[in-house]
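Notes to accompany the following structure.
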Amino acid sequence: MDNTHWKRIVIKCGSALIAPEKNGCSSHYLLSIAHFILRCRERGIDVVLVSSGSVAAGAHLFNEEEQTLAVKKAMAAAGQTEMMATWDKLFDFATAQVLLTHADLRNRDRYENIRSTIDTLVNNGILPIVNENDTITTDKLKVGDNDNLSAMVAAAFDADALIICSDVDGLYDKNPHKHDDAKLLSWVTNIDESIYAIAGDAVSSVGTGGMKTKIQAAEKATSHGIDTFIVNGFTELSFNQLLQGKNPGTHFQPLAKPLSDHQHWMTHTTRAQGELVVEDHFDMQDEEHNEPLTGAALKEVKGQFNVGDTVLVRKDDGTKIAKARSNYSSCLLSFIAEQENPEYADEFQKTTGPILSENNIAILEES
Ligand SMILES: Nc1ncnc2c1ncn2[C@@H]1O[C@H](COP(=O)(O)OP(=O)(O)O)[C@@H](O)[C@H]1O
Ligand SMILES: N[C@@H](CCC(=O)OP(=O)(O)O)C(=O)O
């Protein structure tokens with residue numbers, strides 16, 4: 001494994017490393033991770049840390065028998081300061097708290113702000129520590145797990161490597177906590193259905209998502225050209241091996257032809273707020289040379305969205321064609337789609353412009 005080209009890395013730590021007993025934070029396992037971060041920085045590698053654990057860290061402060069959503073959010077709020085304080089005391093350089101939601105990452109302006117803030121922090125020698133802002137998120141606004149969040153952050157940071165530190169040595173051919181004969185997969189060159197099929201849920205009471213969300217994260221990161229690892233964060237050996245250019249867990253090979261930055265954001269970070277169902281003959285070849293979507297090709301508009309939101313363009317049979325930024329609201333597009341005279345829609349568009357923003361289209365593989 002060649003790590004000599006790494007200039008920027010993202011390290012993600014699971015809850016079990018921060019609050020293993022769900023009884024407040026412990027620096028027991030964090031010490032070797034902090035040491036690894038220090039060694040990377042000494043080598044001139046910029047580091048961003050994505051740390052889970054706010055809910056697990058805050059749990060011991062609450063007596064409620066039932067963990068309602070409100071209690072979990074309160075745990076996250078209280079645990080976040082405890083978690084930040086625990087990390088902060090391990091470093092003799094400054095750290096910065098960056099709390100995000102999916103609503104921030106999928107909005108291009110906010111995304112650019114996140115990017116420039118993280119860049120500015122690392123350029124000034126400060127370690128950004130990122131987590132989802134669990135206190136304020138709703139189902140619609142959240143990423144939901146820090147594996148996917150770390151991959152989105154790694155893409156925004158233009159990282160060379162994403163290191164996901166978990167409570168197991170890597171991805172096994174079956175859950176090692178349930179099967180004694182499970183075998184570690186050291187290399188994954190292609191993330192397909194067979195890889196998703198072996199990824200099970202979390203068994204511990206503190207983890208979210210298990211291996212499935214780690215595979216999703218690996219898919220996102222490798223398609224941005226990022227070396228991705230799942231390693232055992234409980235043992236210092238993992239970090240020593242990484243520093244020696246050895247693979248301590250599972251290495252997911254980056255795509256030889258990564259997506260462009262914008263294409264990646266449209267495909268893996270934004271989420272479609274609605275759907276445009278188009279005529280079967282409508283096609284899009286590539287981002288630059290595509291047939292513009294006209295009112296005549298538009299059959300149906302699904303969902304509610306505003307100007308600037310991302311929409312999924314698909315055929316009636318479900319074939320996904322593209323994700324794109326809509327220049328129209330769902331309300332106006334429904335009106336256009338309902339017009340029986342196609343000339344009316346075309347005339348209308350001549351004055352109001354193209355339906356899809358030409359610079360914000362990501363063609364999807366047929367599925
Ligand atoms: N194929 C698999 N290989 C490894 N671990 C698996 C697999 N399937 C399910 N798991 C579970 O995923 C867990 C890691 O995910 P999770 O608990 O969410 O950790 P983290 O807090 O590090 O994100 C493992 O402890 C294991 O129980
Ligand atoms: N944002 C949550 C973590 C969610 C999560 O993905 O946890 P984990 O599976 O332990 O990485 C928290 O800080 O508790």
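From the backbone N, Cα and C atoms, a Cβ is placed for every residue, glycine too.
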Site-mate of Asp134, Asn146 for substrate in TrEMBL, selected among Ser51, Ser52, Ser223: Ser52
Of Lys7, Lys12, residue recorded by TrEMBL at the ATP site of Ser166, Asp167, Thr208, Gly209, Gly210, Met211, Lys212, Thr213, Lys214: Lys12
Residue, out of the binding-site residues Asp134, Asp167, whose Cβ gathers the largest set of other Cβ atoms within 10 Å: Asp134
Among the ATP-binding set Lys12, Ser166, Asp167, Thr208, Gly209, Gly210, Met211, Lys212, Thr213, Lys214, as the record gives it, the longest Cα-Cα distance in Å: 15
Distance in Å spanning the most remote Cα pair of Ser52, Asp134, Asn146, given for substrate: 11
Binding-site residues close to ligand 2 - of Lys12, Asp167, Gly209, Met211, Thr213, only those whose C-beta is under 6 Å away: Gly209
Entries of Lys12, Asn146, Gly209, Thr213 (binding-site residues) sitting next to ligand 1, with Cβ under 6 Å as the cut-off: Gly209
